[in-house]
Amino acid sequence: MAKGLLVTYALWAVGGPAGLHHLYLGRDSHALLWMLTLGGGGLGWLWEFWKLPSFVAQANRAQGQRQSPRGVTPPLSPIRFAAQVIVGIYFGLVALISLSSMVNFYIVALPLAVGLGVLLVAAVGNQTSDFKNTLVAAFLTSPIFYGRPIAILPISVAASITAQKHRRYKALVMSEPFSVRLYRLGLAYLAFTGPLAYSALCNTAATLSYVAETLGSFLNWFSFFPLLGRLMEFVLLLPYRIWRLLMGDTGFNSSYFQEWEKLYEFVHSFQDEKRQLAYQVLGLSEGATNEEIHRSYRELVKVWHPDHNLDQTEEAQRHFLEIQAAYEVLSQPRKPRGSRR
């Protein structure tokens with residue numbers, strides 16, 4: 001059935017950030033990308049207003065084709081390459097926040113997450129790339145920067161270059177039932193958001209600490225480019241400012257939004273907020289001495305050690321990891337306020 005331009009524009013207006021119009025046009029990879037990024041932060045959704053006619057024409061043309069172009073390489077797109085790098089970094093940051101407690105995280109989970117983000121952008125529209133070579137490039141790059149959050153950037157760049165090198169047109173396949181496509185998208189969405197939701201709900205203090213560390217490390221990448229660094233801070237604070245503009249001060253009565261507000265304050269007071277959370281986890285007041293920190297740490301470790309709480313192993317493990325993370329933060333020497341700048 002031919003796709004209609006008016007229907008596409010209607011779905012774009014109603015559920016564009018969730019990718020409804022892409023789902024209608026059979027662009028499932030693009031729909032998933034929009035679901036996971038809320039329409040590319042809203043900017044990609046707005047930019048698509050002018051691209052919808054070409055998307056509809058491409059979808060109708062694909063329905064009439066009997067075979068895909070063979071031996072033809074898609075033209076190189078700087079926009080697609082930049083999007084691959086950005087989405088790869090985004091997937092890496094999400095993995096760093098939700099999965100960094102995993103064993104061998106920097107060897108397995110991080111390059112896999114970044115590589116999948118790059119491949120998702122590579123599969124947008126009628127193009128795709130080589131799955132194996134892109135992931136191999138990500139996995140080979142990760143050991144070079146082992147243990148450092150900055151590894152996300154070179155992994156994403158290496159995977160994006162490889163994906164561009166092996167770009168090709170998609171092979172034509174028989175159209176699948178809508179229920180099957182929706183089921184596959186749902187599984188992919190849960191795989192992305194599940195670990196993040198679990199970390200936020202079941203390990204809140206440690207997750208906020210990971211978010212603070214991740215945002216701080218991310219902004220440190222731009223310390224040599226002040227203008228670009230301020231631009232990134234503006235982008236990170238944009239959802240918060242939009243909320244203030246729409247909701248005024250009433251939103252501050254919500255405990256959920258208080259946590260969200262604290263999250264964005266980490267952009268400006270990353271170090272202080274992380275230390276305050278660490279003091280709270282150890283049950284200490286700010287400014288406690290090193291002896292008090294060490295004594296509280298030893299007492300809490302004894303109380304919450306998983307071997308001593310066999311009847312509540314999961315809760316004990318969660319508290320044990322939070323206590324260790326808090327102690328590591330407070331054991332580090334405090335840097336001057338303006339050192340990041």
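Positions of Cβ are set from backbone N, Cα and C atoms, glycine also.
Remember, TrEMBL labels are computer predictions, not curated facts.
What TrEMBL annotates here:
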DOMAIN    277-341  domain 'J'
TRANSMEM  6-25  transmembrane segment
TRANSMEM  32-50  transmembrane segment
TRANSMEM  79-98  transmembrane segment
TRANSMEM  105-124  transmembrane segment
TRANSMEM  144-161  transmembrane segment
TRANSMEM  182-201  transmembrane segment
TRANSMEM  221-240  transmembrane segment
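The recorded stretches the transmembrane segment (79-98) and the transmembrane segment (6-25) do not share 3+ CB pairs below 8 A when only pairs 6 or more apart in sequence are counted, and are therefore not in contact. In terms of DSSP secondary structure, the domain 'J' (277-341) contains 45 helix, 0 strand, 20 coil. Beyond its flanks by at least six residues, the transmembrane segment (182-201) meets 23, 28, 31-32, 35-36, 91, 94, 97-99, 207, 210 of its own chain at Cβ-Cβ distances under 8 Å. Confidence over the domain 'J' (277-341), given as mean pLDDT on the 0 to 100 scale, stands at 79.
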